[in-house]
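Undergrad: So Swiss-Prot lists these for the protein:
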type    : residues                                               : note
BINDING : Gly61, Leu62, Ser63, Gly64, Ser65, Gly66, Lys67, Ser68 : ATP binding site
DOMAIN  : 5-265                                                  : domain 'ABC transporter'
DOMAIN  : 280-336                                                : domain 'CBS 1'
DOMAIN  : 340-397                                                : domain 'CBS 2'
Amino acid sequence: MPVKIKIEHLTKIFGKRIKTALTMVEKGEPKNEILKKTGATVGVYDTNFEINEGEIFVIMGLSGSGKSTLLRLLNRLIEPTSGKIFIDNQDVATLNKEDLLQVRRKTMSMVFQNFGLFPHRTILENTEYGLEVQNVPKEERRKRAEKALDNANLLDFKDQYPKQLSGGMQQRVGLARALANDPEILLMDEAFSALDPLIRREMQDELLELQAKFQKTIIFVSHDLNEALRIGDRIAIMKDGKIMQIGTGEEILTNPANDYVKTFVEDVDRAKVITAENIMIPALTTNIDVDGPSVALKKMKTEEVSSLMAVDKKRQFRGVVTSEQAIAARKNNQPLKDVMTTDVGTVSKEMLVRDILPIIYDAPTPLAVVDDNGFLKGVLIRGSVLEALADIPDEDEVEEIEKEEENK
């Protein structure tokens with residue numbers, strides 16, 4: 001994917017003694033000491049990263065980490081102290097007021113935590129507000145607003161007022177209003193934080209559905225790690241105005257960059273994050289369109305296994321061949337496809353470990369990991385699933401758990 005946003009050495013210091021504060025932060029002095037000695041606050045310091053087009057990029061950190069400041073620097077709601085903000089190779093940090101206004105109106109839209117709806121305007125009028133300030137003709141803006149509301153399943157409520165809607169529905173209106181402008185970039189600041197957990201999850205689902213349809217570039221600020229892991233393609237974790245690590249959820253969980261990140265993610269429920277693709281192992285296969293029983297048995301002996309995944313010439317998954325079945329087929333002069341087990345569990349690469357557990361628990365054979373076209377991508381065994389859930393797994397622990405399950 002092409003790079004949509006590129007940030008170079010972006011810094012924001014609030015206060016008057018900026019040079020002194022910069023010198024102190026360069027020496028590694030903590031944020032609270034800089035504030036105490038200079039009265040200046042380090043918002044963001046020397047930040048560098050790229051965001052790809054069509055990516056959901058989540059910025060997270062504790063309160064005061066600089067995540068919301070960083071978001072507002074992107075559209076210059078907060079002016080940077082130094083650094084560059086490239087959007088499609090144009091440095092937004094150097095734009096004059098008029099050009100910046102056009103970027104805010106046409107390239108970016110923002111969704112806030114507090115909804116930001118006008119109480120005296122109907123839902124439709126709220127949704128078309130951004131188009132109205134752009135002087136879009138009334139008929140066109142109404143059509144675009146209605147389409148955005150329809151995409152958010154809110155068209156039936158277009159003539160109601162914000163106070164008549166629940167918090168979740170009001171936030172959906174805010175999202176519809178942002179999308180009505182057809183922006184290339186969505187900036188979302190703690191957009192779902194004020195919602196109840198169930199409604200928040202529904203909004204996350206809706207955002208992912210809209211993203212699948214429209215493929216916007218989304219920068220999403222959150223303090224909720226589970227939310228970030230659920231919706232983010234990549235995550236940036238901040239502390240004291242600095243980015244500690246950028247990576248996928250899997251990268252951050254399995255390879256934290258430092259002790260701070262390790263502590264930050266240690267309580268996350270790994271079963272809700274890790275997928276089959278992360279823990280599958282290469283599949284040992286036999287091609288049932290080519291291999292006979294003797295070839296299958298030779299492969300099993302070489303690999304020291306008692307079964308093989310059965311695939312056809314196209315490598316589409318067909319079942320499992322055990323050593324007993326292959327021996328019987330050789331004795332009776334049968335092809336493998338006549339004796340193999342076809343009732344074998346399959347999972348997608350994207351399936352979460354928490355959803356895999358009940359499937360693999362009683363499965364008589366390993367699970368096949370397949371793509372949307374049925375092509376075999378790997379295999380899951382019970383041990384690999386258990387290992388994925390362990391904080392610090394070792395082979396002895398996995399074997400012990402497996403024995404306990406077998407004895408139940």
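Counting begins at 1 with the first residue displayed.
Even glycines carry a Cβ here, placed using N, Cα and C.
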Undergrad: Can you tell me whether DSSP puts Gly61 (ATP binding site) in helix, strand or coil?
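TA: Once the DSSP labels are grouped into three classes, Gly61 (ATP binding site) ends up as strand.
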Undergrad: In sequence order, which residues at least six apart in the same chain have a CB under 8 Å from the CB of Ser65 (ATP binding site)?
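TA: Once residues fewer than 6 apart are set aside, Ser65 (ATP binding site) is near Met238, Lys239, Asp240, Gly241.
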Undergrad: Show which residues of the chain containing Lys67 (ATP binding site), separated from it by at least 6 in sequence, have their CB under 8 Å from its CB.
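TA: Looking at Cβ-Cβ distances below 8 Å from Lys67 (ATP binding site), excluding near sequence neighbours, one finds Ile59, Met60, Gly61, Val221, His223, Met238.
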Undergrad: As a test of the contact definition, list every same-chain residue at least 6 positions from Gly66 (ATP binding site) whose Cβ is closer than 8 Å to its Cβ.
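TA: For Gly66 (ATP binding site), the qualifying residues are Lys12, Val42, Gly43, Val44, Tyr45, Met238, Asp240, Gly241, Lys242.
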Undergrad: May I ask which residues of the same chain, at least 6 positions away in sequence, place their Cβ under 8 angstroms from the Cβ of Ser63 (ATP binding site)?
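TA: Looking at Cβ-Cβ distances below 8 Å from Ser63 (ATP binding site), excluding near sequence neighbours, one finds His223.
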Undergrad: Please spell out the DSSP helix, strand and coil residue counts for the domain 'CBS 1' (280-336).
TA: 22 helix, 16 strand, 19 coil
Undergrad: Identify all same-chain residues not among Gly61, Leu62, Ser63, Gly64, Ser65, Gly66, Lys67, Ser68 whose C-beta atom falls within 8 angstroms of the centroid of the ATP site's C-beta atoms; report them in sequence order.
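TA: What remains near the Cβ centre is Thr69, His223, Met238, Lys239.
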Undergrad: If you count the other Cβ atoms within 10 Å of each Cβ, which of the binding-site residues Gly61, Gly64 comes out on top?
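TA: By the 10 Å Cβ neighbour count, Gly61 comes out on top.
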Undergrad: Just to be sure I understand, if DSSP states are collapsed into helix, strand and coil, how many residues of the domain 'CBS 2' (340-397) fall in each?
TA: 19 helix, 15 strand, 24 coil
Undergrad: Relative to the Cβ of Leu62 (ATP binding site), which residues of the same chain, six or more apart in sequence, are found under 8 Å away?
TA: His223, Lys239
Undergrad: Just counting, how many other CB atoms are there within 10 A of the CB of Ser68 (ATP binding site)?
TA: 20
